[in-house]
Amino acid sequence: MSSSDTTINHVITTYEINPDDDHHSSTVDGMVDYAGRPAKRCQSGYWRSASFIIGVGAAERFAYYGISCNLITYLTGPLGLSTAAAAASINIWAGTGLLLPLLGALVADSFLGLYWTIVFSSLLYILALGLLTTSAFLNCQGRGGGGGSILNPQQPPHDVFFFFFMSLYLMALGQGAHKPCILAFGADQFDAQHPKELRSRSSFFNWWYFSICAGPLAALLVLNYIQDNISWGIGFGIPCISMVIALTIFMLGTKSYRYNSIAVEEKCALSRLTQVLIKAAMNWRTIPSEAQQDIVPHDDLPPSDQQFKALLSAEYEEVCSTQEVEEAKSLVKLIPIWATSLAFAIVLAQPSTLFTKQGITMDRSVGSSFEVPAASLQYIIGLTIILLIPIYDLVFVPLARVITGKPCGITQVERIGTGMFICSVSMVTAALVERQRLKTASAYRLGMGKVGRMSFWWLLPQCILYGMADVFALIGLQELFYDKVPSGLKSVGLSIFLSILGMGNFLSSLLIYMIQRVTSTEGGGGEGGWFSDNTNGAHLDYFYWLLAGLNAIGFLAFLYSAKNTLNSSSNRGDIV
């Protein structure tokens, strides 16, 4: 973790501390400092403040992945759930945590603001991790000190089971409010009206993702070993300490941050948006009167606005202002992008569940005495991202900028589409590897829980491709959803982006449940089926082929939607 922090600091210092040397005393429009004074460009924001945010991201993700990346081992071991039930439970929990940012955005925009929402959600996060640690110790004591084995699962007492999941969902609530606000607050440290700061903001999204991938690396290597071999209680307690460190880092940067000074109007952003959408829904099937036709010449609207007739009616009826209608239009235009990204999000749910189950049944020995924890195979994904982001930001973007003349090298849609395509290739590779693993298991007649002779290094290609897809598509999506919404709805835009990942987890869980019900000989139980508890007799390869096909369809639908919704409305040349 210290080496990644050194890398981030080195990268940050390569940028100018002050992007506008001729205007040291200039202020940033719409922003104030911690004391409520107009924020001076040379004394606040930019990389000096973003460095704190990046550090917070690394520590918070260490805490989150310290719990989530090995959660399937805990659920199928000490808690005694079946593989299908454990995978579904994780997907539902993760999906809930990625939908809750909408609630966090509501609290931030309507009541507390970004800064205080981050502080209070961090405290809730710490409380949840403390309760989770207590739950693990209680489970251990209930077993007389035994940790439970994935090959010999036992059901814990019901009160311990309830306490664990209550703590887990409290953690989802805390991170749900924390995640969109910390990212939006970090992006707000860059002035979109200043050319150099605007370019740096695009780099911020890259380095933010770098930090949240660097943070989990230590969790994947160190915490998984502690959890599997020493104590689940200690393995859950260390993430709690990491979250305390994250909050401390955030508070240390208080005096350097820029704070949005735009006065809260009579109605908050979400309230304004809700009123416009309600009025638009009422007008949806209403035939305009002759008088309205004179005021709102719908037939003369440009093609890009024909789909917003109901919204425009709300404006011309003087129920909503032009600003409010434009805010609603900016979000409505993102709905097709949201929908066509869901197949990609389903794939993103697999590494922490099914990739780990693959690894459990493979030869993970290094040397004669050390065995790599199965969940640590995700380290390959994180390492790929960490290696590619500097190459992308410092080599690829400047080179592409020279060739294309675009500020970011390639457009956001080109970046996202490239990632989706690579994602499909990753799933095809995963299916081929799993097919080979099953052949090996069949040849050696391996039963339930038996480790085959096929090395875990076979999983390397699919993990590398998965990491490449993240660098292109995931970062591109979060930048797009931040960039395409008005300033008053930035946290809402990022919450909508995170809801893509949340719905992906829910859809993955639904797919797993439906497929297991259809393919299992026990009607959805652990025996037989694509997701059999006996991984050596399951068919994860079929599921990977299905995901590859769904993602390919989503990729084509995304390109079509982007062309028809973003191109017509873009006022920037680097969107589409």
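Each residue, glycine too, has its Cβ placed from N, Cα and C.
Curation plays no part in TrEMBL annotations; they are all automatic predictions.
Positions annotated as transmembrane segment by TrEMBL: 46-64 (among others).
Residues of the same chain lying 6 or more positions beyond the ends of the transmembrane segment (84-107) and with a Cβ under 8 Å from any Cβ of it are 68, 71-72, 75-76, 117, 121, 168-169, 171-173, 175-181, 270, 349, 352-354, 357, 491-492, 494-496, 498-506, 508-509, 512-513, 516, 524, 526, 529, 531, 533. Summarising the annotation, TrEMBL assigns transmembrane segment to 84-107 (among others).
The transmembrane segment annotation in TrEMBL covers 114-138 (among others). Only residues 6 or more beyond the boundaries of the transmembrane segment (114-138), in the same chain, are considered here, and those with a CB under 8 A from a CB of the stretch are 60, 63, 67, 74, 78, 104, 107-108, 160, 163-164, 166-168, 170-171, 173-178, 181-182, 184-185, 188, 231-233, 235-237, 239-240, 243-244, 246-247, 250-251, 254, 257, 259-260, 491.
For the transmembrane segment (161-186), same-chain residues at least 6 beyond its ends with a Cβ under 8 Å from one of its own Cβ atoms are 49-50, 53-54, 56-57, 60, 64, 67, 79, 93-94, 96-101, 103-105, 107-108, 114-115, 117-118, 120-122, 124-129, 131-132, 134-136, 138-139, 155, 204, 208, 250, 257, 478, 482, 490-491, 494-495, 498. Per TrEMBL, the feature transmembrane segment maps to 161-186 (among others).
Within the same chain, residues 1, 4-5, 7-8, 11-12, 50, 53-55, 57-62, 64-66, 69-70, 183, 186, 234-235, 238-239, 373, 375-376, 378-379, 381-383, 385-386, 389-390, 393, 470-471, 474-475, 478 sit at least 6 positions outside the transmembrane segment (207-226) and bring their C-beta atoms closer than 8 Å to a C-beta of that stretch. The transmembrane segment annotation in TrEMBL covers 207-226 (among others).
Residues or ranges marked as transmembrane segment in TrEMBL: 232-252 (among others).
What TrEMBL lists as transmembrane segment is 379-404 (among others).
Under the heading transmembrane segment, TrEMBL lists 416-433 (among others). Sequence-distant contacts of the transmembrane segment (416-433), counting only residues of its own chain at least 6 positions beyond either end whose CB sits under 8 Å from a CB of the stretch, comprise 341, 344, 347, 350, 355, 358, 410, 458-459, 461-462, 465-466, 468-474, 476-477, 480, 541-542, 544-545, 547-548, 551-552, 554-555, 558-559, 562.
Taken from TrEMBL, the feature transmembrane segment applies to 456-482 (among others).
Counting residues 6+ beyond its ends, the transmembrane segment (494-515) has Cβ neighbours under 8 Å at 84, 87-88, 91-92, 94-102, 104-105, 179-180, 183-184, 331, 334, 338, 341-342, 344-350, 477-478, 480-482, 524, 529-531, 543, 546 in the same chain. Residues annotated as transmembrane segment in TrEMBL: 494-515 (among others).
Annotated transmembrane segment per TrEMBL: 542-562 (among others), in sequence order.
For the transmembrane segment (379-404), the most Cβ-contacting stretch among 232-252, 456-482, 542-562 is 456-482 (pairs under 8 Å).
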